[in-house]
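Heads up, the thing below is written out as structure tokens.
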Amino acid sequence: MRKHLSWWWLATVCMLLFSHLSAVQTRGIKHRIKWNRKALPSTAQITEAQVAENRPGAFIKQGRKLDIDFGAEGNRYYEANYWQFPDGIHYNGCSEANVTKEAFVTGCINATQAANQGEFQKPDNKLHQQVLWRLVQELCSLKHCEFWLERGAGLRVTMHQPVLLCLLALIWLTVK
């Protein structure tokens, strides 16, 4: 009986070691006061423009010139006007576990088109529209999901795998 109880204690210790107890934050005055830190904006201070900046498909314009081939005429136009074009896109379509690259790029392009309809419907400059479309396609195809890199590279280690491994070892030792 004593040997059987020692295995349960071992299982309890393993469960505590690999559980989420390390993620629990301690509460105290020291953790509440953050010296020399800027206060986070309250909900009243967050403007509609700030919310719109982070919507899916929103352009990121920082004035960087990207190395993308638009063809001879498109390259000249982009050289002269690169500061008017986006150099990034806010889009995170990686929430689905099995999303393919093609579905991800299509979703990114559709979200970008929906979020920036005014940019895409300027009828005055056809070359600007062509360069913008090519740029959006490139920016969306350059984005990636982390799990694409991990496919084929073995198992992803999650928090539950060490616990399952410990339980498997416990069952094996108990049966032995």
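Placement of Cβ uses the backbone N, Cα and C atoms for every residue, glycine included.
Summarising the annotation, Swiss-Prot assigns disulfide bond to Cys94-Cys145 (among others). Cys145 (disulfide bond) falls outside any helix or strand according to DSSP and counts as coil.
Summarising the annotation, Swiss-Prot assigns disulfide bond to Cys108-Cys140 (among others). Cys140 (disulfide bond) falls within a helix when secondary structure is assigned with DSSP.
For Thr43, the entry in Swiss-Prot reads O-linked glycosylation site.
The number of other CB atoms found within 10 A of the CB of Asn98 (N-linked glycosylation site), across every protein chain shown, is 6. The feature N-linked glycosylation site is assigned by Swiss-Prot to Asn98 (among others), with a curator's inference given as support.
When other Cβ atoms within 10 Å of the Cβ of Asn110 (N-linked glycosylation site) are tallied across all protein chains shown, the result is 15. If you look up Swiss-Prot, you'll see Asn110 (among others) marked as N-linked glycosylation site.
Taken from Swiss-Prot, the feature region 'Flexible tail' applies to 27-50.
Counted with DSSP, the region 'Globular' (51-152) comes out as 57 helix, 4 strand, 41 coil. What Swiss-Prot lists as region 'Globular' is 51-152.
Residues 66, 68, 70, 73-74, 77-78, 81, 84-89, 105, 108-109, 112-113 of the same chain lie 6 or more positions beyond the ends of the region 'Cu(2+) binding' (122-139) yet place their CB under 8 Å from a CB of it. The region 'Cu(2+) binding' annotation in Swiss-Prot covers 122-139 and rests on experimental evidence.
The feature signal peptide is assigned by Swiss-Prot to 1-25, with experimental evidence given as support.
When the disulfide-bonded residues Cys94, Cys108, Cys140, Cys145 are scored by other C-beta atoms within 10 Å, Cys108 scores highest. Checked against Asn110 (N-linked glycosylation site), the recorded positions Cys94, Asn98, Cys140, Cys145 differ in C-alpha distance, with Cys140 being the nearest.
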